[in-house]
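Please read the structure below before turning to the comments.
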Amino acid sequence: MAIDLNWERYRTFLAVLTEGSLSGAARALGITQPTAGRHVAALEATFGQTLFTRSPSGLLPTEAALALRGHAEALRSAAAAFERAAASHGAGVRGTVRISASDVIAVEVLPPMLAQLRRDHPGLVIELVPTDRIQDVLNREADIAVRMAPPAQDALVARRIGEIDVALYARDDYLARNGTPSSTDELAHHALIGFDTVTPFIRSAGRGMPLWKRDAFALRTDSNLAQLAMIRAGYGIGFCQNRLAQRDARLVRVLPDGPAMKLETWVVMHEDLRASPRCRAVFDALATGLRTYAEGAAD
């Protein structure tokens, strides 16, 4: 039996497995929900098997879907390798691409990805804008943006990367000097590192954490990068991305069952740049690299 290896269908199949719904897969891939539904239906017709069943919590994979997962992931890897090889030999992946990302992501997470991009595409020039302000992609303040919130504008190509876990951390010698809190109430007796200016995001993230108020902080700064540096220096306790903390053997998670956040992460660009080889190459590389980072795979 000849099988139609339409990669878009398998890409959607993997996205539904990951997101647990057609709507989630559509958001992650930057396509419409009906298109995602058609892709899955076409695969089911091709194989003559049901791949997903509906449940109150979303779409559940059948045994057939789980059996196909590894093969679909192999196709994804092969397709990515093919695209990288084709792009690296083409004349189109050259020129300047301007990327906007939060200061922590720009400084701590993106450099290895951008270095690999440069190796793959020596004609590429990157402009990196570390900022916690949402850059206007529609007005070309940036070609590509990494955002910690779903895009609200139309005319954008958006890919949902996943969620980056954030929790409380302190350096081991700070805890040795001051003790390790065993409850959120005990945080009041510690040097807390936090924000200076209250923003809508801060208000939303602080719900359920009554102690996480500006007046409670022993150090206040609106720079997340500065907060991270102070945690690493042993100043006190603050929020840090789990993946970054895992890179530093001296950082210890405080209250493992206590306050934590998930940063929903997206990569976006203007839809007019979809046909630009250099922007497409950077967009896809960032989406792949950030997904690996968010999922906690080894560096």
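Cβ from N, Cα, C; glycine included.
Unlike curated entries, TrEMBL annotations are predicted automatically.
Among the features that TrEMBL reports, domain 'HTH lysR-type' is placed at 5-62.
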Within the domain 'HTH lysR-type' (5-62), residues counted as helix, strand or coil by DSSP: 36 helix, 8 strand, 14 coil
Across the domain 'HTH lysR-type' (5-62), average pLDDT on the 0 to 100 scale: 88
